[in-house]
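Single-structure report; data block below.
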Amino acid sequence: MEVADSLLGNGSDVPPPCELGLENETLVCLEQPRAAKEWQPAVQILLYSLIFLLSVLGNTLVITVLIRNKRMRTVTNIFLLSLAVSDLMLCLFCMPFNLIPNLLKDFIFGSAVCKTTTYFMGTSVSVSTFNLVAISLERYGAICKPLQSRVWQTKSHALKVIATTWCLSFTIMTPYPIYSNLVPFTKTNNQTANMCRFLLPNDVMQQSWHTFLLLILFLIPGIVMMVAYGLISLELYQGIKFDAIQKKSARDRNPSTGSSGRYEDGDGCYLQKARPRRRLELRQLSTPGSGRLNRIRSTSSTANLMAKKRVIRMLMVIVVLFFLCWMPIFSANAWRAYDTASAERRLSGTPISFILLLSYTSSCVNPIIYCFMNKRFRLGFLATFPCCPHPGPPGPRGEVGEEEEGRTTGASLSRYSYSHMSASAPGP
């Protein structure tokens, strides 16, 4: 049974898998509506273990790389470090204390652990969510408002925001150690067991608390992230259109003449008519350098376009994964707050276990989409762990691609940067 009833996938409690009733003032399991099939515990253990190992490994690597590599201590990476710590905390304090009691049908860790784990679970979920919001706002400022955001995009400001986030989360979740207690009950085999449950004094307070968590940990953060990443995607899309217009304008001003002997109005006609010998010498002297410059420009433009499209796709993945991981558990807890009996009948046992597992998945996908998908972080990882195989030095195309990929998360994708690059670009 879900004996750790107050264990947080999202800072709330989880229904038990059997319907509880009172007999002689003692809680008993009246029935077992969903008898677990033989394969379900094995699958549950396998999936929980896999998510646990991936989360611990991924977040530990992120923390190690960002702490040991001083060159990577940027404003964004400071937020990513805080996110990795909170995700690691979520994994360590949530998964074992949910899986083990679920399998044993008894919370065997005692009252002190019940209060401590529920408190740290709620705090880790809150910090993780607030960090995701802070990262989205920081990226919005860097890309869409680069000039205005320079004032507050400093390491000291990031550290203040992170400290405030942790203090606020610890404060918000103080009801958990106060109202989390062990509740004894009698199982169907007449053995006495315990549940770790978070129970407020009355139904109104319980419903208000769940509604409060639904707002501050899911709906409001989700809306903020959607708006921020939507505006960033719009900015990048406008940049893609700007690049296309610039490329078309450059082709119109600089038509190719290598494959045709006819000359129309333009530089080609002028170069053939005025002082042909000198022009030929100048062309011969300038051809290698100008050809290389044109190739670099073309490669840079292509890499920049591809990098912007990758960022847009990644932002969409971030928003989709946030809602996919957290919507089921928040919906389940809100349902249980307002209709306890119906929710416990339909969600008890295996359904709620896998809903919780889905929420825990966020702790292992965050390091992947925020860090390991970033080329600079991968290079920092290789620099931190020199024992790992290192790829050969990239060619000019790879260097340009790396530079442009890094720029997609900075201020160079702003409107100011587009106009600045356009004004300062050399003429054809």
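Glycine residues also receive a Cβ, built from the backbone N, Cα and C atoms like all the rest.
Residues or ranges marked as topological domain 'Extracellular' in Swiss-Prot: 1-41 (among others).
What Swiss-Prot lists as N-linked glycosylation site is Asn10 (among others), and the listing cites sequence analysis.
Residues or ranges marked as disulfide bond in Swiss-Prot (evidence: sequence analysis): Cys18-Cys29 (among others).
The N-linked glycosylation site feature in Swiss-Prot is assigned to Asn24 (among others).
Residues or ranges marked as transmembrane segment in Swiss-Prot: 42-67 (among others).
Among the features that Swiss-Prot reports, topological domain 'Cytoplasmic' is placed at 68-77 (among others), with the record citing sequence analysis. Counting same-chain residues at least six beyond the ends of the topological domain 'Cytoplasmic' (68-77), those with a Cβ under 8 angstroms from any Cβ of the stretch are 135, 138-139, 142, 153-155, 157-158, 376-377, 380, 383-384, 409.
Away from its own ends, the transmembrane segment (78-104) comes close to residues 1-4, 7-9, 14, 41, 44-45, 48, 51-52, 55-56, 59-60, 62-63, 66-67, 113, 117, 120-121, 123-125, 127-128, 131-132, 134-135, 138, 155, 158-159, 161-162, 165-166, 196, 353, 356, 360, 362-364, 366-367, 370-371 of its chain (Cβ-Cβ under 8 Å, at least six residues beyond either end). Here Swiss-Prot flags 78-104 (among others) as transmembrane segment, drawing on sequence analysis.
Taken from Swiss-Prot, the feature topological domain 'Extracellular' applies to 105-115 (among others). In this model, the topological domain 'Extracellular' (105-115) carries an average pLDDT of 90.
The feature disulfide bond is assigned by Swiss-Prot to Cys114-Cys196 (among others), with sequence analysis given as support. In the three-state DSSP classification, Cys114 (disulfide bond) falls within a helix.
As annotated by Swiss-Prot, transmembrane segment applies to 116-137 (among others), with the evidence given as sequence analysis.
Feature annotation from Swiss-Prot assigns topological domain 'Cytoplasmic' to 138-157 (among others).
Remote same-chain residues near the transmembrane segment (158-178) are listed as 6, 8, 11, 75, 78-79, 82, 115-116, 118-119, 121-123, 126-127, 130-131, 134, 138, 198, 200, 209, 216 (criterion: CB distance under 8 Å, separation of at least six residues from the stretch ends). Annotation source Swiss-Prot lists transmembrane segment at 158-178 (among others), citing sequence analysis.
Here Swiss-Prot flags 179-210 (among others) as topological domain 'Extracellular'.
Contacts of Asn190 (N-linked glycosylation site) defined by a Cβ separation under 8 A and a same-chain sequence distance of 6+ are given as none. What Swiss-Prot records for Asn190 (among others) is N-linked glycosylation site.
Only residues 6 or more beyond the boundaries of the transmembrane segment (211-234), in the same chain, are considered here, and those with a CB under 8 A from a CB of the stretch are 10-12, 125-126, 129-130, 132-133, 136-137, 139-140, 143-144, 172, 311-312, 315-316, 318-319, 322-323, 326-327, 330, 333-334, 337. Taken from Swiss-Prot, the feature transmembrane segment applies to 211-234 (among others).
The annotation topological domain 'Cytoplasmic' is assigned in Swiss-Prot to 235-313 (among others).
Most Cβ pairs within less than 8 Å of the transmembrane segment (42-67), among stretches 116-137, 314-334, 350-373, belong to 350-373. Calculated from their C-alpha atoms, the gap between Cys114 (disulfide bond) and Cys387 (S-palmitoyl cysteine) amounts to 42 Å.
Here the Cα atom of Cys196 (disulfide bond) is found 45 Å from that of Cys387 (S-palmitoyl cysteine).
Remote same-chain residues near the transmembrane segment (314-334) are listed as 9-10, 12-14, 132, 210-211, 213-214, 217-218, 221-222, 225-226, 229, 232-233, 343, 347, 352, 355-356, 358-359, 361-362, 365, 369-370, 373 (criterion: CB distance under 8 Å, separation of at least six residues from the stretch ends). Least packed by the Cβ count within 10 Å, out of the recorded positions Cys114, Cys196, Cys387, is Cys387. DSSP gives Cys196 (disulfide bond) a strand state.
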